[in-house]
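Listed features, source Swiss-Prot:
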{"type": "TOPO_DOM", "residues": "1-36", "note": "topological domain 'Cytoplasmic'"}
{"type": "TRANSMEM", "residues": "66-90", "note": "transmembrane segment"}
{"type": "TOPO_DOM", "residues": "91-106", "note": "topological domain 'Cytoplasmic'"}
{"type": "TRANSMEM", "residues": "138-158", "note": "transmembrane segment"}
{"type": "TOPO_DOM", "residues": "159-173", "note": "topological domain 'Cytoplasmic'"}
{"type": "TRANSMEM", "residues": "174-199", "note": "transmembrane segment"}
{"type": "DISULFID", "residues": "Cys207-Cys239", "note": "disulfide bond"}
{"type": "DISULFID", "residues": "Cys229-Cys245", "note": "disulfide bond"}
{"type": "TOPO_DOM", "residues": "323-382", "note": "topological domain 'Cytoplasmic'"}
{"type": "TRANSMEM", "residues": "417-439", "note": "transmembrane segment"}
{"type": "TOPO_DOM", "residues": "440-447", "note": "topological domain 'Cytoplasmic'"}
{"type": "TRANSMEM", "residues": "448-468", "note": "transmembrane segment"}
{"type": "TRANSMEM", "residues": "473-492", "note": "transmembrane segment"}
{"type": "TOPO_DOM", "residues": "493-502", "note": "topological domain 'Cytoplasmic'"}
{"type": "TOPO_DOM", "residues": "600-886", "note": "topological domain 'Cytoplasmic'"}
{"type": "COILED", "residues": "795-830", "note": "coiled coil"}
{"type": "TRANSMEM", "residues": "887-906", "note": "transmembrane segment"}
{"type": "TRANSMEM", "residues": "916-939", "note": "transmembrane segment"}
{"type": "TOPO_DOM", "residues": "940-947", "note": "topological domain 'Cytoplasmic'"}
{"type": "TOPO_DOM", "residues": "1004-1015", "note": "topological domain 'Cytoplasmic'"}
{"type": "TRANSMEM", "residues": "1016-1039", "note": "transmembrane segment"}
{"type": "DISULFID", "residues": "Cys1046-Cys1057", "note": "disulfide bond"}
{"type": "TOPO_DOM", "residues": "1160-1210", "note": "topological domain 'Cytoplasmic'"}
{"type": "TOPO_DOM", "residues": "1261-1271", "note": "topological domain 'Cytoplasmic'"}
{"type": "TRANSMEM", "residues": "1272-1293", "note": "transmembrane segment"}
{"type": "TOPO_DOM", "residues": "1319-1331", "note": "topological domain 'Cytoplasmic'"}
{"type": "TRANSMEM", "residues": "1332-1357", "note": "transmembrane segment"}
{"type": "DISULFID", "residues": "Cys1405-Cys1417", "note": "disulfide bond"}
{"type": "TRANSMEM", "residues": "1421-1447", "note": "transmembrane segment"}
{"type": "COMPBIAS", "residues": "1613-1632", "note": "compositional bias 'Polar residues'"}
Amino acid sequence: MLKRKQSSRVEAQPVTDFGPDESLSDNADILWINKPWVHSLLRICAIISVISVCMNTPMTFEHYPPLQYVTFTLDTLLMFLYTAEMIAKMHIRGIVKGDSSYVKDRWCVFDGFMVFCLWVSLVLQVFEIADIVDQMSPWGMLRIPRPLIMIRAFRIYFRFELPRTRITNILKRSGEQIWSVSIFLLFFLLLYGILGVQMFGTFTYHCVVNDTKPGNVTWNSLAIPDTHCSPELEEGYQCPPGFKCMDLEDLGLSRQELGYSGFNEIGTSIFTVYEAASQEGWVFLMYRAIDSFPRWRSYFYFITLIFFLAWLVKNVFIAVIIETFAEIRVQFQQMWGSRSSTTSTATTQMFHEDAAGGWQLVAVDVNKPQGRAPACLQKMMRSSVFHMFILSMVTVDVIVAASNYYKGENFRRQYDEFYLAEVAFTVLFDLEALLKIWCLGFTGYISSSLHKFELLLVIGTTLHVYPDLYHSQFTYFQVLRVVRLIKISPALEDFVYKIFGPGKKLGSLVVFTASLLIVMSAISLQMFCFVEELDRFTTFPRAFMSMFQILTQEGWVDVMDQTLNAVGHMWAPVVAIYFILYHLFATLILLSLFVAVILDNLELDEDLKKLKQLKQSEANADTKEKLPLRLRIFEKFPNRPQMVKISKLPSDFTVPKIRESFMKQFIDRQQQDTCCLLRSLPTTSSSSCDHSKRSAIEDNKYIDQKLRKSVFSIRARNLLEKETAVTKILRACTRQRMLSGSFEGQPAKERSILSVQHHIRQERRSLRHGSNSQRISRGKSLETLTQDHSNTVRYRNAQREDSEIKMIQEKKEQAEMKRKVQEEELRENHPYFDKPLFIVGREHRFRNFCRVVVRARFNASKTDPVTGAVKNTKYHQLYDLLGLVTYLDWVMIIVTICSCISMMFESPFRRVMHAPTLQIAEYVFVIFMSIELNLKIMADGLFFTPTAVIRDFGGVMDIFIYLVSLIFLCWMPQNVPAESGAQLLMVLRCLRPLRIFKLVPQMRKVVRELFSGFKEIFLVSILLLTLMLVFASFGVQLFAGKLAKCNDPNIIRREDCNGIFRINVSVSKNLNLKLRPGEKKPGFWVPRVWANPRNFNFDNVGNAMLALFEVLSLKGWVEVRDVIIHRVGPIHGIYIHVFVFLGCMIGLTLFVGVVIANFNENKGTALLTVDQRRWEDLKSRLKIAQPLHLPPRPDNDGFRAKMYDITQHPFFKRTIALLVLAQSVLLSVKWDVEDPVTVPLATMSVVFTFIFVLEVTMKIIAMSPAGFWQSRRNRYDLLVTSLGVVWVVLHFALLNAYTYMMGACVIVFRFFSICGKHVTLKMLLLTVVVSMYKSFFIIVGMFLLLLCYAFAGVVLFGTVKYGENINRHANFSSAGKAITVLFRIVTGEDWNKIMHDCMVQPPFCTPDEFTYWATDCGNYAGALMYFCSFYVIIAYIMLNLLVAIIVENFSLFYSTEEDQLLSYNDLRHFQIIWNMVDDKREGVIPTFRVKFLLRLLRGRLEVDLDKDKLLFKHMCYEMERLHNGGDVTFHDVLSMLSYRSVDIRKSLQLEELLAREQLEYTIEEEVAKQTIRMWLKKCLKRIRAKQQQSCSIIHSLRESQQQELSRFLNPPSIETTQPSEDTNANSQDNSMQPETSSQQQLLSPTLSDRGGSRQDAADAGKPQRKFGQWRLPSAPKPISHSVSSVNLRFGGRTTMKSVVCKMNPMTDAASCGSEVKKWWTRQLTVESDESGDDLLDI
């Protein structure tokens, strides 16, 4: 998938300039600068410089004063070194003069700038040491550029052997694509920013105590927690008694104190929208909006914002990065290297018997030096028993380490049983390593990378068992033993190797990420280290943690908000832009790079893809052969076929045993034969056939089959001979024409892609048919012998591929036949086979009735009685939807939906058991499902029938859901205790929405796509679990019992942790109020408790795994980090950072990569080669292309024509786009009736509205109303402008809040039209729209899963008490609220905290033994399973499917002019030509006009009639054949051109290739026949002319008799088809046409030539002349010069019968040619707008 965009050009150019580090010149004066050690020293100095600048902060010097002098010394040294290097380079290169002077080299300028920054930093530090400049002054910001010197350290690794032009092109294209998507993102940010301003405005109304006075707002004035409210009584939240709703801005709070997030004006609004789109803190914004404004506004705004911005638009960003960097990665393949094999080149492989008795390939190094161990030990060491013993010991060691737990404070930790076990295992693995070294020798042992890893573990674990180092950082070596277990599973080992590929690729990305983090941390450090009240950037470790936190997105908004508050109001916008740009780059581009690399590693090599396609086809054929196991079970029973029973014969006669099926076949055959025999007799045929069981049509079919069998062998021989002969004649003609040099006089011209592909096909077929004569092209000598040989080999390979394809096709047919035969045999030999429930007969009336009911479906597709083609009706999409499933399934879908709606009204306080109204839907569902299942079982059987109800997982699920519903309905328990069987039954009942998955075929497909790739997802899960286990074991050994602390921060020791203390309460996260003198924050007294953190601990492996699973989702890891640093030590912060980096960068991107790869594999795109993938993209792109909805320019040069020119001018379009943007800017502040600024803004909007009215009027005048209405965009503009006019009238009449709201709505609707005016925006919007359309069923599937979990959540957690995150907004008290909470969890917003709130257990809650709705306790095990499974399924798998679909659809629009297939320019050119031909804008043209269309095409689609006559004939005949001379659509012609423009051998897949080749062979044969027929007619003409010349004397003698006979005789005509009476009647008209050359007759239909016209509908049943069958005209008659004006009109569809051409053919052709030329020029000037805005009309 990712390699399909690589450029096909190979440039042989010198490698790129490496920058200033290469050798400057051989005769340089200063030689030391060229030494390699100097380059290495300078690179090390660059790293030292970064370290120095990271230490250079006031806080660091305060903690470690000597560092001030250390940094000064280092900087002085570096300054001298780099200055010397700069002077030396200037001396060698020259400063300004010369091509390679110092100033002209970019790298040299960069190095010089770094030296300048170093000087500035040093001078500044001198002033700081001398106390002339304060260390906390902003002058320190001058050091900001210094960390960029890190680039010098890694510049050496950017040496790539690629031509400079190639790199420039790649970077240019990448930049263009990223810029385009940035514009797209900006469009949506602007849209939602405007909507936010107008829908919400400010969030400044809060609940405050009644006695609050202006200027005296403190923490104690606010509600706890701080609550937003609405001043309007009907909407939002109303404050409780004792509080009033007040605007805090009116009470004197500044903007800085109120916080920066909100929708006050457009700038703040865009900032807030970006924060929400990062899915961090968006839900709290929504809750504020719900409290302040009407509820529906908040839900609509924020849910659509998350869906479009966070999921769709941002994923388009990921798609762009994957696509643009795909080409870079392909070019850098030389630098990264390809995946080599697992064994080294020095090793060979041999078969070895494994433990299970099978054989496996084992690498054996023949050159490996043998150790000194005895042979028996060497044999033992190589045995599989020894290997499995060691792995089993590793497993036991891992289990023992995982069993460790915290045993209490008083337990002696040094020498417990776990320590002794660790010592024993360490000794065992030390002995294993010594044995291997003894057997292999140290050199042989160390040569394997696996042995190096084992030796590292042995040394580390040996040091670890030393008592002082036990429970230290050396524990890593112990827990890393688990990695050795990957060797147990070969599948897992291969998968790991495939994903991580060559270490260079992923390793270079990790190094790049780490370097970026260090550089950005150092920059931020120097930017903010002097800011007071900001402790996040005081030292380098703190700065690094903050920037890393932004990279992972967890709490990044808090980092930004704290910094904004600290820097003050003036610098806040600059700081916000800095953090947003860093966040954008880190989260989108950097993470996308990891996904792209993993996808590239999962990509198959090109040469393997076609092989895999063939193998897959073979495998499919093999699987189709076998019947399912449930049917094969009948083969175990003895055969008991049904015998003939004759009831009326006496017992004296013995009836032979004859199978009933044989007797039936015999009787049927006899009746058929008798009927057919009697039919041939003259008299009795009708009477005898009346008594026959078969109809006349069936008899005809039977005779037809008999005849076909009889002539089959003769026909097969004749067909082959005929095809070979015709092809040989055609190829010989082509070669003769090429050799005769018929094209000598014409200038050389670049051939079109159609011509190139046509000649490729000709060459291929000529070789395939065994034509061995030499092919000599014009102007070239004979081919050399080697080239001939390579051609022969190539075409032999093609022949072999052909035979493979045919073999697979035959195999498929045989498998299908075999399967049918097996089924028929079982049906015949086993009387109970295919009998539902072993009771209902196979052909029983009741079963047939059930079948009719079950399989009845809506079918509105009408077929043409003549052609058999399906006609598209007006509402065919609606009809297709109705025909999607059967009527019975539609009924069940409706019943299931109604039942789910009824379940939505259930809650713990309104239960189905006690609410009769809710039971109605329950009864209806069970009754309808009973009827449905009974009908289906009677029609198709339950289990042991071919089409049984239970034949897959869906059937099992149906029966399960039915049984659960039935049991619940019968039982209907009145009291349901918590955690009981009845509650479990209620939870299982919540699976009811999953029925829709089974009923809708597309939903089943989604599930299939999900589960067919389950193996890879399972392997990724194992890898992540292994990673978690390693870190969990380490965490238990280091942090068990150490995280517990007293809740009073002033108490350090456990024995002092008693009594009570006052704890402060957190009031608000958003407000930044400062405490007044003497004021205390609100708080209350609580007892002191020594306890673990609330949400996590590392006291045992289970709890540690849960904590790390939450961290893996990047939620809550900041709290874990802070607790570990605060309670164990700062050095242990490395632990959680390493885990998050591995989990976030590699673990989660692995999930994304694997889900995308599986999606492609299931869709069949993973195995597609580059060419096949491009072809699929092209087909999808052409599907959504439409004809230009642009009417033609008016004929004359009058007023309308001038208007047309003005409205179509690019300047006019850009002006209108700017006016739309200008009007949208008017919505930068909220339009409020009470605000005085609203009136002038509305007045300006009125002016803009009148301008747009003028624009629409001009367009209507220019295009005419009918022409204007053709374009959907014009219709949309007209609608918006009409609404604008209505608004202007209402605004001046009423002038109230509603008119202002309507005005804002009109402007927002107008803002949408920007997308249509910008090509890139339109393309990307189409990507999103097409992705939404294609992912519709995935989104529906997500919603159904959400619904199931919501219903279950109401049952399990409906009454849980409020906690940290379960509150009045987020709870499970009803299905609606549960859906909102689950949608929040999908975005990952604090899902782990909600889970812990739902785990609450006594004594922190009130239990109840009898009913679950009377308790406010949670369910620990239920919450664990519920939330973890939901988060994994939705967030890790389903959302990544959305990414996969968007990545796939984006490739449709990632088209460049370098692409070999049809580009946008080609498509645009075709649209313009189509508009010329389809002058009525109907989207269809008659078949005869296709010739005219093809002749007008230019550029890459041009068909040169002089060189490619045959191709032209093929294309015209293809259109006639496929559409039977009827109308052809825009897409029909485009599809034909696309097939002709590609090499079908490379681009088409198996089935499509076979069908296409068959069609092309047929067309070729038919055209050949027509060509021969026309040639024969010409020969006959010549013969007749000669005969007439030789018989001129006789002719003159009989002239008088001839004149009298001419009125009775028709002129002779040579026809292959029998002419109808109507044709004979019109023969006079036909004979009046003048005789023209054969080329004009076949290939050059002029505008007046009616030869290609369609016949009328009345002639549909009559035999038509095929393409190329031209009647010989009789002797020419005098031609009158009168001509109908209709004939000169291009769009006229007059048939041959209605209009007769009566003018000179040469004059006619010339006049029409000049008219077309004028028309072509006019259309080209008007319609070739450089903006390409109508390329794809939405």
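Yeah, the Cβs are placed from backbone N, Cα and C, and that goes for glycine too.
Everything Swiss-Prot records as a feature, shown here on the structure.
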residue: Cys207; record: disulfide bond; Cβ within 10 Å: 22
residue: Cys229; record: disulfide bond; Cβ within 10 Å: 21
residue: Cys239; record: disulfide bond; Cβ within 10 Å: 20
residue: Cys245; record: disulfide bond; Cβ within 10 Å: 21
residue: Cys1046; record: disulfide bond; Cβ within 10 Å: 18
residue: Cys1057; record: disulfide bond; Cβ within 10 Å: 19
residue: Cys1405; record: disulfide bond; Cβ within 10 Å: 15
residue: Cys1417; record: disulfide bond; Cβ within 10 Å: 22
Nearest of the disulfide-bonded residues (Cys229, Cys239, Cys245, Cys1046) to Cys1405 (disulfide bond), judged by Cα-Cα distance: Cys1046
Rounded inter-Cα distance in Å - Cys239 (disulfide bond), Cys229 (disulfide bond): 7
Three-state secondary structure, Cys239 (disulfide bond) (per DSSP): coil
Listed disulfide-bonded residues Cys1046, Cys1057, Cys1417, filtered to Cα within 10 Å of Cys245 (disulfide bond): none
Long-range neighbours of the transmembrane segment (887-906), counting only residues six or more past its ends (CB under 8 A): 853-854, 856-858, 912, 915, 918, 920-922, 924-925, 928-929, 932, 935-936, 990, 992-993, 995-996, 999-1000, 1347, 1351, 1354, 1375-1376
Same-chain residues at least 6 beyond the ends of the transmembrane segment (66-90) whose Cβ lies under 8 Å from its Cβ atoms: 20, 24, 30, 32-33, 41-42, 45, 48-49, 51-52, 55-56, 60, 102, 108, 111-112, 114-115, 118-119, 121-122, 125-126, 129
Tertiary contacts of the transmembrane segment (1421-1447), as residues 6+ beyond its ends and Cβ separation under 8 Å: 311-312, 315-316, 318-319, 322-323, 979, 1009-1010, 1017, 1106, 1109, 1113, 1148, 1151-1152, 1155-1156, 1159-1160, 1327-1328, 1331, 1334-1335, 1338-1339, 1341-1342, 1345-1346, 1349, 1352-1353, 1356-1357, 1382, 1385-1386, 1388, 1391-1392, 1394-1395, 1398-1399
When distances run from the Cα of Cys229 (disulfide bond) to each of the disulfide-bonded residues Cys207, Cys1046, Cys1057, Cys1417, the nearest one: Cys207
By Cα-Cα distance, the member of disulfide-bonded residues Cys207, Cys1046, Cys1057 nearest Cys1417 (disulfide bond): Cys1046
Spatial separation of Cys207 (disulfide bond) from Cys1057 (disulfide bond) - C-alpha basis, Å: 37
Inter-residue Cα distance where the pair is Cys207 (disulfide bond) and Cys1046 (disulfide bond), in Å: 34
Local backbone state of Cys1417 (disulfide bond), from DSSP in three classes: coil
Touch test for the transmembrane segment (1016-1039) and the transmembrane segment (473-492), at least 3 Cβ pairs under 8 Å: yes
Contact set, same chain, for the topological domain 'Cytoplasmic' (1004-1015): CB under 8 Å, 6 or more residues outside the stretch: 491, 954, 997-998, 1154-1155, 1157-1159, 1161-1163, 1337-1338, 1341, 1437-1438, 1441
